[in-house]
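Features reported for this protein in TrEMBL:
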BINDING   CYS119, CYS121, CYS129  Zn(2+) binding site
ACT_SITE  LYS194  active site, schiff-base intermediate with substrate
BINDING   ARG204, ARG216  5-aminolevulinate 1 binding site
BINDING   GLU232  Mg(2+) binding site
ACT_SITE  LYS247  active site, schiff-base intermediate with substrate
BINDING   SER273, TYR312  5-aminolevulinate 2 binding site
Amino acid sequence: MDLIHRPRRLRTTAGIRNLVRETKLNKEDFIYPLFVIGGEGIKEEIPSMPGNYHCSLDQLMIEVEEIVKLGIGGILLFGIPDHKDEIGSSAWSEDGIVQQACRKIKEEYPELLLITDVCLCQYTSHGHCGTLEDGCLLNDPTLENLAKVALSHAKAGADMVAPSDMMDGRVIAIREKLDQACYDDVAIMSYSAKYASAFYGPFRDAAHSAPKQGDRKSYQMDPANSDEALREMKLDLDESADIIMVKPALAYLDIIRRAKDNFITPIAAYNVSGEYAMIKAAAEKDWVNEKAIVLEMLTSIKRAGAEIIITYWAKDAAKWINDY
Ligand code: PBG
């Protein structure tokens with residue numbers, strides 16, 4: 001055989017494979033989502049998301065300490081409020097659970113990157129992401145409320161806000177509100193291409209945020225569309241988004257890659273609850289090797305073009321990558 005090209009040469013040993021590996025995960029790439037609830041001494045496992053919890057603030061601080069020690073990139077905070085109403089007004093209450101948590105986290109860990117999810121669905125009695133009228137989600141009246149939520153988070157110490165509602169014009173509405181109040185250094189990570197996905201099922205159980213009626217198809221994107229995702233991302237960037245996000249991740253790697261090829265901006269991907277639950281369930285049955293499959297998946301998300309990965313495996317992955 002006169003084969004001179006032998007790609008296998010670069011796969012011979014672990015040393016060579018490490019040398020030529022194109023995509024390497026770092027613990028700083030990961031953002032860990034956390035769910036905070038009122039009360040004290042509460043740490044309740046979310047049944048469909050084993051290893052993730054509803055934590056009262058005292059318990060949350062124990063989680064946060066671990067995250068800081070592990071050196072993970074940051075946290076994304078979600079609140080489980082004790083009070084819901086038609087417009088979701090407890091979302092911007094100064095004494096809301098997220099606002100309390102932000103103050104406490106910043107007091108104890110000022111260096112930790114603190115991101116808050118900005119949405120209304122956990123806070124509205126109907127479970128939709130804004131103000132509802134005759135079954136229709138009103139875009140423009142919702143914007144002012146989202147901006148108030150973002151400002152209340154910034155005042156409480158959030159470094160970055162992440163609007164996940166998919167209303168048109170929310171990024172600029174939030175930016176103007178923050179700037180008027182002199183929070184021009186608070187960044188916006190926009191859930192720009194957020195699809196109306198069945199992969200959010202476990203999260204909605206976790207956050208008690210499933211819509212009571214109807215679905216989110218009039219505001220979240222149709223999974224069949226790709227060009228539309230670019231349009232959403234461009235609009236968000238024009239409105240001053242600092243980071244754009246694709247969500248979910250695994251079934252949307254092509255969208256992540258298009259984002260990477262088209263925009264010079266940091267790109268985040270949300271490795272969502274359904275992606276987590278599927279693998280956890282299969283791993284419990286010993287049908288897959290959790291560690292190997294998760295590291296392969298996270299590497300794929302990064303290879304597709306996301307330098308920031310929001311994942312419920314952040315803590316495990318931070319430990320595992322040392323010996324991948
Ligand atoms: C709130 C929100 C959702 C998620 C993040 N923010 C749920 C939804 O839009 O229904 C999903 C996160 C996950 O599934 O892990 N709008």
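Each residue, glycine too, has its Cβ placed from N, Cα and C.
Curation does not apply to TrEMBL; its annotations are automatic.
Fair warning: this is a prediction, and the values are worked out from it, not measured in the lab.
Every protein chain shown contributes to the tally, and the Cβ of CYS119 (Zn(2+) binding site) ends up with 26 other Cβ atoms within 10 Å. Taking a Cβ distance under 6 Å to any atom of ligand 1 as the criterion, the recorded positions CYS119, CYS121, LYS194, GLU232, SER273 reduce to CYS119, CYS121, SER273.
Other Cβ atoms within 10 Å of the Cβ of LYS194 (active site, schiff-base intermediate with substrate) number 25 in total over all chains.
Annotation for ARG204 (5-aminolevulinate 1 binding site): same-chain Cβ neighbours under 8 Å, separated by at least 6 residues, are ALA210. Here the binding-site residues are CYS121, CYS129; the one with the fewest Cβ atoms within 10 Å of its Cβ is CYS121. In the three-state DSSP scheme, CYS119 (Zn(2+) binding site) is classed as coil.
Take the mean position of the Cβ atoms of CYS119, CYS121, CYS129, the recorded Zn(2+) site; other residues of that chain with a Cβ within 8 Å of it are GLY88, LEU120, GLN122, TYR123, THR124, HIS128, GLY130, SER164, ASP165, SER209.
Cα proximity to LYS194 (active site, schiff-base intermediate with substrate) (within 10 Å) is found for the following recorded positions from CYS119, CYS121, CYS129, LYS247, SER273, TYR312: LYS247.
Only CYS129, of the binding-site residues CYS129, GLU232, SER273, TYR312, have a C-alpha within 10 angstroms of the C-alpha of ARG216 (5-aminolevulinate 1 binding site). A straight line from the CA of TYR312 (5-aminolevulinate 2 binding site) to the CA of LYS247 (active site, schiff-base intermediate with substrate) spans 14 Å. Distance from the CA of LYS247 (active site, schiff-base intermediate with substrate) to the CA of CYS129 (Zn(2+) binding site) is 16 Å. Rounded to a whole number, the C-alpha distance linking CYS119 (Zn(2+) binding site) with LYS247 (active site, schiff-base intermediate with substrate) is 15 angstrom. The Cβ neighbour count for ARG216 (5-aminolevulinate 1 binding site), using a 10 Å radius and every protein chain shown, is 22.
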